[in-house]
Amino acid sequence: MPSSLALTAIIGAPLLGFFMTIVWSRAAAVVASLTSMVVLVAAVFLAVSVSAHGAVLTSLGGWDAPLGIELAADGLSVMFMIVSGAIVLVVGAYAQHEFVHPGTETRSGFAFWPLMLVLLAALNGIFVSRDFFNLYVCFELLTLSAVAMVTLNGKTESITAALRYLLFALLGSILYLLGAVLLYAQFGSLDMGVIGQSVSSSGAEILAAGLMTAGLALKTALFPFHGWLPPAHSGAPPPASAMLSSLVPKASYFITIRLWFDVMPELAGNPLTLALGGLGGAAILYGSLQAIVQTRLKMVVAYSTVAQLGYLFIVFPLAGGDSAAQPWSAGAWTGGMLHALSHALAKSAMFLCAGLFIISARTDDLEALRGIAQTMPMTAFAFTLAAISLLGLPPSGGFIAKYLMLTSAFASGGWIWAFLILAGGLLAALYLYRPVRIMLSLPKQPGQPFKPISRWWQVAPLVLALGAVFLGIGSNEPYALLQIGRPVAAETGL
Amino acid sequence: MMTWASGWLIYGLTGATLIGLGLFGFASHTNLLRRILAFNVVGSGIFLVFGATGFRVPELGADAVPQALIITGIVVALSATALAVSLITRHASLSGSATLPDDDREDR
Amino acid sequence: MTAALPFLVLMTSLVPALATFWLPENQAATRNGLNLGGAILKLVLVAYMLYAVGQGAVFETRLELAPGLFLLLRIDALALLFVTLSAFLWLLTTIYAIAYFGNGPNLSRFFGFFSLCVAATTGIAFSGTLITFFLFYELLTLSTWPLVVHKQNEKSFAAGGSYLGFALPASAALLVAIIWLESVTGPIEFAAPRELSGLDAFDLRLILALFVLGLGVKAAIVPLHGWLPAAMAAPAPVSALLHAVAVVKAGAFGIVRIIYDVFGIDLVSQLGMAQPLAILASITILYGSLRALQQDDIKRRLAFSTVSQVSYIVLGAALAGPIAAIGGLAHLVHQGLMKITLFFCAGIFAERAGIEKIHHLDGVGARMPWTAFCFSLGAMGMIGIPPMAGFVSKLYLGVGALETGAGWVVFVLAGSSLLNAAYFLPLLYRMWFLPAREDLETQPPSERPLGLIVPAVVTATAALGVGLLAGAPISPLGWATLIIERDYLP
């Protein structure tokens, strides 16, 4: 029973915390931190349980599907839950400094904590749902809280960015919902298991899955639907950006993975996987080139997200379609998931670094950050570590991910994918070298233009960046965990 | 028997028409409020289609699951609309415009 | 104990590196104690391993990173050749660097990356699989960059940018080569070479070319050498380490590993790749020497000299004969000892007397006798004057070339020696035979503190010693002979 309790807690605890932070707003920061700690502990407990006994499943209130709501956790779910729980915990600790100032109460300080907890509940809901409608509800909740987070500082640009984000997201929701309705018309159920057993590759199913994928791609900011992402992610307060950029697009990507790898792998033909992979490749190139020409640090980091999300879609041609039955499929799929996780850690670290720089320098104009490493060596180091993971250099998690994907690309003769993966790494070196170099340069005029920042505050991004590195050094456990509950015959890959 | 089938068809077709109209509106308008209205039109269309799928297996009578889900869906759509409208009014009072800035549109 | 030994040796550098990062700037004693202690401990372990491996022992540490992805640290005779050099020079360079920087800024950062760089070199030497090699090779790239840009001025950032601009595409090439090869054969361990001859010859040639491309940047093979002279913007101890032990040697060592332990020298010859590689190395040898001749800056002249000298190692490996291979491997150590002496001395000239250009060296011999003497020993070794270390390498390379029927190499060696003489002898002439500038007369520069001059004297003596005692079994030449005869001859 405890594992069903843990499954309930990872959604229930943040929802409960959400109400408490609203009612008891003075202690919101403490409540939020405690809640995210509970969630992380529950997620780790689930991980232990899943690795010992395989996937776990529970029905809320004892009602089975189709009427009741079933929650299930496999290796993929628990890995995503642990990483997002850890990120929310660290970001929450960071945000204590940003939003909690004795004597002053701001609107953003009040709204941030409940939004953070709703976001966490929605994320976990997505990771454990087995039903397309529950998924829809969870990711609407996720979108609405994410959009609200973008508006926290109340500036015109942020409102505009949030509105653009919302419009894209609503369109995405509609397409997804339409697809889900078509699936219901076909199968009389929205349960993943039921649908997965009776897929027949009819035209209606292909249409439904296509509509859902299009909606999810909109929300994942897959090229060419990425336009909303950079302004929204760079306009939010840094702790919000950290969660928006690292976790929110991963949620819709997670559903896409569930849809094509768990529910209807038979439907994933080569045209679809090639199209998704092609868009992913275009995202890598376009996002990287845009990141190179940006002049603000947060914009560089946001465009880098566009590029890095592209890698996630290269998984489809490498592990889906005709490749699904091949021995390299498991490696490519696992590589993609590890990339999603290490990108989440590295990217949240980068946004928190950017946040600290903004507080210290009062701007994130790249040129104005010249020499900031002298004032904040730890933050500059954390940024560099995160950059190493994004570049895919060893021994980071990004390296193991790219290594697995490259191995599959070569095994399958997918030269073009190998080229895109490598080119993305080199382009990332170009757009990340510039900020690092500027930070480390000596300031133009002597004197101290930067406000010093407490060392403890600087620990937060460093913890996340180290997490991205340790995901590579200790990738054996995550690798094994990710294989649990994979529907496709689990090969050892490699 | 005919009534079951024709009911299914009428609701389904109406829903599909609404979806088409709504999507057209969503894409062609720049006024934010109109786009949100269009979104709600699409939503209604989808719910109609969804409701119609309740007649899928006539022998079993009306399926209750779509009705439950439609209600949930309406609540979700309502919350999204509420957030959107509040953002639109905020945007309008800050920028004095009911549309998103055009220069940003090219960004897309 | 024996299973953990490679790991322990790695830790003697890695632990001081990681600990140093966290030390406050003013704790110089702790910092120095930590790094020197690590270096001494490492030397002790190396001495034990030299004995044990000489008796035929092999040490292995194996860690699994991801399924099928092993971190394998393995100590064989070839690894030990490289590690002995790096451990010995790490200790001396640390002493030198402590004296060189004095109370300069950012020293915790410097020594942290410095020791990390040595740890990466150790890891490269110990690598038992291709992917382990790649991991440490990249760690080396990353840990060297902060050393190159240590001064944080525009010039050093330009040098650092150029370094990464060469090194990162090269690592992409290396990664492609590794994954491409392993996607066909499965994971490759150096100790258990795969049978590659069944593969498509064209693919194999391409893979080998990618390997050479990936490793050639660090080994500074023409035309991939551009970053090396630019990297002279780094402080003298960094240049010393870069040129003698860490970066260029890692590239050369990697090429030797690939040729001998992955492909096998017979397959490389069958593929028709050995001779082009020998020609490429010869071009590099001559080109580097020619460019060195044109430089007026002492450190730049030394840098181009490195470009030239490191290719002797590649040449030795590419000639496909045992005697040439022994010469190449011995040169790995010989060149390290000689070149680090030269850089130590160049650093003392620049730091103590402000001498950076060659024409400022006039008459410095009488004013800075120890430095000038060590520099002269290093330079004569480079030229290959008997019985210095450089002579031994060149002799073996020449005999080895004749043995394999590549007589043209003798002319390359002779030409290179003439060029070596042409770019080093004028320096010696200026130092010892020309009258000194006036300011040198009035204010004789000091060669103190001892931490600067003693390492130079030690390495100069060592460079002389390994030549004089080349016949001893524990000399670099003797060890190289053991490697080739025991591990690589059928």
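Cβ coordinates come from backbone N, Cα and C, glycine included.
Feature annotation (TrEMBL): of A:203-226, A:371-394, the stretch labelled transmembrane segment is A:371-394. Across A:108-127, A:300-320, A:454-473, the stretch most heavily in contact with the transmembrane segment (A:371-394), judged by Cβ pairs under 8 Å, is A:454-473. The transmembrane segment (A:76-96) shares more Cβ pairs under 8 Å with A:108-127 than with any other stretch in the list A:108-127, A:165-186, A:414-433. Within the same chain, residues 69, 107-108, 111-112, 115-116, 118-119, 121-123, 125-126, 159, 161-162, 165-166, 169, 173, 176-177, 180, 190, 219, 232-233, 235-237, 240, 243-244, 248, 251-252, 255 sit at least 6 positions outside the transmembrane segment (A:133-153) and bring their C-beta atoms closer than 8 Å to a C-beta of that stretch. Highest Cβ contact count with the transmembrane segment (A:108-127) among the listed stretches A:6-25, A:37-56, A:300-320, A:414-433 falls to A:6-25 (criterion: pairs under 8 Å). Under 8 Å from some Cβ of the transmembrane segment (A:165-186) lie the Cβ atoms of residues 132-133, 136, 139-140, 143, 146-147, 150, 195, 202, 204-205, 207-219, 225, 227-229, 232, 252, all in the same chain and six or more residues away from its ends.
Tertiary neighbourhood of the transmembrane segment (A:6-25): same-chain residues 31-32, 34-36, 38-39, 42-43, 45-46, 49, 56, 58, 60, 71-73, 81, 85, 110, 113-114, 117-118, 120-121, 124-125, 128, selected by CB-CB distance under 8 Å and a gap of 6+ residues from either end. Listed stretches A:340-359, A:414-433, A:454-473 were compared with the transmembrane segment (A:300-320); the greatest number of C-beta pairs under 8 angstroms is found for A:414-433.
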